[in-house]
Amino acid sequence: MTSAGYGAARALDADGPRDDGTGALSRLAPPARRFLARRKGVLARLALWSLAESGQAFLVGYGVARSVDEGFLAGDPRRGLLWLAVALVAVLSGAPVVRGVFAQLAGLTEPLRDGLVRRAVDRSLDRAARGGPGGTDRAAVSRLTNQVEIARDSFAGLVLTLRSFVFTAAGALLGLLSLNPALLVVVLPPLTGGLALFLCTLRPMAAAQRRALATDEALGDHAARSRAALRDLTACGTGPRAERRGADLVADAAAQARTLAGWATVRTAALGVSGQLPVLALLVAVPWLRARGVSAGALLGAFTYLVQSLLPALHTLMTALGAAGARLLVVLDRVLGPVPDAAPRATGPSQAVSTACHGRGCGTGARASADVVRPVPGPAAPAVDLRSVTLSYGVRAEPVLDALDLRVAPGEHLAVVGPSGIGKSTLTRLVAGTLAPSRGEVRVAGHLVTGRAAAELSALRVLVPQEAYVFSGTVGDNLAYLRTDVRRGELDAAVRVLGLELLVGRLGGLAGPVRPAELSPGERQLIALARAYLSPAPLLLLDEATCHLDPASEARAEEALTARPGTLLVVAHRLSSAVRADRILVLDGVRAVCGTHEELLGCSRLYRDLTGHWQAGPPQRV
Ligand SMILES: Nc1ncnc2c1ncn2[C@@H]1O[C@H](COP(=O)(O)OP(=O)(O)OP(=O)(O)O)[C@@H](O)[C@H]1O
């Protein structure tokens, strides 16, 4: 499986323990029993029509046997023809029987369809309500349309064939018994053996079907996410990556379809063997049967039972169980089974946990994170968790980041420093989820960020880039852009702590107009910082977002943002900014070193060089 496909399938695997059909079967048995118990009348009428099918199957073989033994071989062709007419009437009576069965079938399939649609809608609404915009269940469209129809058709096919097999087999076996019990001794072993062999293939086939559906949903989800994020994909230049991922998912879907086709081949082979063996056994056993007094008519009747009734019914049953049965099990489990994990919601700041390179002395991210526990979404999850993250901007390009491990605790303030072009912005974009790693995984508050929809990402983090974004509107609109329900008092407080009083006063207060072209880059940055300050997201990413501020304004803004509940990751461009952080990550080529200011002065030559460069004077940038 491709990496993208693997990721998608893994994400879908998180929906519940559905690795084989056993778990699904035990989950679905109680609702299935309740569903059938409420429809006893329909089932009884269906059974009555099916009894007619048993009689029909019985008469076909019996009529042929009697026509030979009592008619043609006994020199009474009139009697023979009469018995043949009985067999013919039995065959022709099949049409009204099928009509009666179909009329009753709707009483089972339509309530099933209605129930599944109701369930899919309820679940999707519930998920959206729990998860807010991020909880949107895109796979619901697939469940509501494609999968419900699959379930209805599969169920109808299954009821038809299962019922037909049971009643036809009962009629045919009764007929064989009435002709001569020795016939059963020859026919039954290959018949049941073939059936048992076929049943063994059902579980792996169900698993393959489940994976095929999971891939189908992942593909639909990817298409929906890509469509929603078209502008971001274009802006970030990640279109080709999204395209590659889509191609991976398509390839994955094709691979799953091939696997399913493989199982279908195995099943057809089993069917061929079990379908032909009883006839062969009967032929081989003719002398043995004749020695036990089986008449020629009984033999012909037995062949008629096999060829006309038993084997076609078995064939249809196997085909239906193998395809429709496996499909039904999987689809029902997806619609009725355990509710998938809700999409991430913004988690508030929580207790600090150990970080990747915490402690005395420097350490590379990779080395220091070796002892970390598996991240679990929830309050104790690290604010940022990078695992073996590698990023190359091209297939043959040198990686900008190579196997980087980094763990930032909730509430921590981390500064990222390094020479120009080393990958600082790349790192923030990876954490922000606007750039997908070539390898490895990036989690924010325990949630994988790669491939998430913009609405889900904005609940997790805010990224403030160097070129701040402000728009034409009021000052209040600009500040409350990421939190529309903000109170007036909170707006005033943000203006105060970030030092925007003069600017806001000059613009005419919170209701004053903002004309982006008339603001200096520093003023635009102040507005963007105040907006980020008010955002409910637990993680702030500042990518040189204070570079146009004077040192005093920068210090004031950073102190306010540090005091805000949540985690702060700052790409620092001044020594003062780095020193203010709890820890500093020094990017050095594809190596990364992390520690406190003092630790790094002792162990990182690059950091010493950078601080020397900063201290050397203006413009104090690296
Ligand atoms: N979209 C892109 N396509 C190809 N290469 C890119 C892209 N973005 C960045 N790079 C390259 O990746 C490397 C890291 O860039 P990045 O912007 O992350 O560095 P930086 O440390 O933030 O630099 P600065 O401090 O100058 O902002 C650079 O060599 C850059 O040329």
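Glycine is treated like the rest: Cβ placed from N, Cα and C.
Please treat TrEMBL annotations as automatic predictions, because they have not gone through curation.
Per TrEMBL, these features apply:
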- 42-62: transmembrane segment (TRANSMEM)
- 46-312: domain 'ABC transmembrane type-1' (DOMAIN)
- 82-102: transmembrane segment (TRANSMEM)
- 155-176: transmembrane segment (TRANSMEM)
- 182-202: transmembrane segment (TRANSMEM)
- 268-289: transmembrane segment (TRANSMEM)
- 386-613: domain 'ABC transporter' (DOMAIN)
Check the transmembrane segment (155-176) against each of 42-62, 82-102, 182-202, 268-289 and return whichever range has the most CB pairs under 8 Å.
42-62
Among the recorded stretches 82-102, 182-202, 268-289, which has the greatest number of Cβ pairs closer than 8 Å to the transmembrane segment (42-62)?
82-102
State the non-local partners of the transmembrane segment (182-202) in its own chain: residues 6+ outside its ends, Cβ under 8 Å from one of its Cβ atoms.
21, 173, 176, 263, 266-267, 270-271, 273-275, 277-278, 280-282, 285, 288-289, 292, 294, 298, 302, 306, 310, 314, 318, 321-322, 325-326
Whole-number mean of pLDDT values that fall within the domain 'ABC transporter' (386-613):
90
